[in-house]
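Trainee: Dropping the structure in here first, questions after.
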Amino acid sequence: METENQKTMEESTEKRKEEKKKRSRVKQVLADIAKQVDFWFGDANLHKDRFLREQIEKSRDGYVDISLLVSFNKMKKLTTDGKLIARALKSSSVVELDLEGTRIRRKKPLGERPKDEEERTVYVELLPKNVTHSWIERVFGKCGNVVYISIPHYKSTGDPKGFAFVEFETKEQAAKAIEFLNNPPEEAPRKPGIFPKTVKNKPIPSLRVAEEKKKKKKKKGRIKKEESVQAKELVVDSSSSGVSKATKRPRTASEGSEAETPEAPKQPAKKKKKRDKVETGGLPESKAGKRERSSAEDEDCLPPRPKLKKRAQKDGGGPAASEVSKEHRDLEFCSTEEEKEPGDRKGDSLSKGKRKHKKKHKERHKMGEEVIPLRVLSKTEWMDLKKEYLALQKASMASLKKTISQIKLESEMETESKAPPGSGQQCSTQEKVSAQGPQFVTGVIVKILSEDPLPGRKQVKDILATISEVVYIDLLEGDTECHARFKTPEDAQAVMNAQTEIKKKHSWNLEILSGDHEQRYWQKILVDRQAKLNQPREKKRGTEKLITKAEKIRLAKTQQASQHIRFSEYD
């Protein structure tokens, strides 16, 4: 009895387990669906998404069927269940469901496109190859609320082009992204934007002029700086001489400079240098490239300057004392200017740059952000670069057009000069005939039959061309039958006369078409020609058309250059 009771208990528990439905974890899926639909029906997307905007405008009440959303690829990845989508959108702040729960629409009507859209958008380049929307949102989301992301792709391969546009909610957020995320690596190109800056590895004249103007301005600035430095050096020399003789009589800087004449003896200067070396023996050696200074200058540059000034003030502050203090101030200023030589100035600028870089890094660490090597700039700046690129493209295409027209004219002139008189009329008649198509001539077509598949069209033509001139070979690959068209009946007859030799070598059977067979074949020629002419052609316009023309000319020139030139004995 006990065993039976246990069995019944086990069966009941199993039934209960089966009856209990498995808990489906759809909370994250519902959140993802709501986020995706809110984005699709948001202001930022609808102003750019023409298809969805048209679907909303088509319906009178602005409702869109949920089945349309299910057809989108991103929604297919999340779910294909319309009821689940309706469940996810019940608490949405952007869209609302109809009474049946099968259609959705925006709660608020779509307004006009905002004017500050470009100012709120940033351009990003040097992105990783397999970049995604979620990656960009994660990186740029730390600077503000990302409203829209556009990643352009190549049509042929579908790979990302390496740059993207990120739209923020406010201008301040965009500026913050430019400040903190603009961190291009050292090996990155100097100029931003994926645009060519040269034509045939040479700068374009319009750009060259602007660059030359900039260089001239820089040169003028350098010359002015050099002049000011020279003037300061003169002031320093004069002031130093004045200070050294200040005990005898207080002098002005101009008097000191007059006293120093080029006729001064050279030996005392050498002695002075020796004294300097003896005095500064205990001190560390000065760096290479810096000017050696006299002991008087060193004394003046030492810290106890303010004491001298104080003494002068205490002594009564007479005119002599005031002049000395002025000279000291001038000397202080000039010596500091001299100490800051070009190398030191560069060092200062580098140190400032390092400080700024450190500050940025600190702020980045505060934000809790990883440093990613990206180049970020405003969309307005990128638009200016785009205009520059289009102007360059226009100029290069205009020059290409000119060169192509010149080459054509030259070739026409050459053909006219080489052609004998009266050949122009013959050429025009030939052109008319070619426009009409091949004219019916009897006894010109030879039918070739073979047991094995015939070789290529070129091989057949080469074999027959040894006997007489061939106009056309009508042959498909792998066929055992073909037709050869000759210029005159005599040429066709010559091939027929050599039939025995051809049969021995290639085992081909030849016959000239005549009667109904010939007429049918000529009709086939005309029908095939008409079908070929009526085929839809790819229309090439603008830059593509010019480039194809240039490519043809280049190929023709290379073929001409690669031809083997043979010289006769008399040349």
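Every residue gets a Cβ built from N, Cα and C, even glycine.
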Trainee: Look through SER244, SER254, SER423 and state which residue has the annotation phosphoserine in Swiss-Prot.
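Mentor: The candidate carrying the phosphoserine note in Swiss-Prot is SER254.
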Trainee: Can you tell which of SER24, SER241, SER257, SER434 Swiss-Prot marks as phosphoserine?
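Mentor: With Swiss-Prot as the source, phosphoserine is noted for SER257.
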Trainee: Give the mean pLDDT for the domain 'RRM' (120-198) on the 0 to 100 scale.
Mentor: 84
Trainee: I'd like the Cβ neighbour count for LYS408 (SUMO2 cross-link), meaning other Cβ atoms within 10 Å of its Cβ, all protein chains included.
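Mentor: Result for LYS408 (SUMO2 cross-link): 12 other Cβ atoms within 10 Å.
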Trainee: Please spell out the DSSP helix, strand and coil residue counts for the domain 'RRM' (120-198).
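Mentor: Final tally across the stretch: 19 helix, 19 strand, 41 coil.
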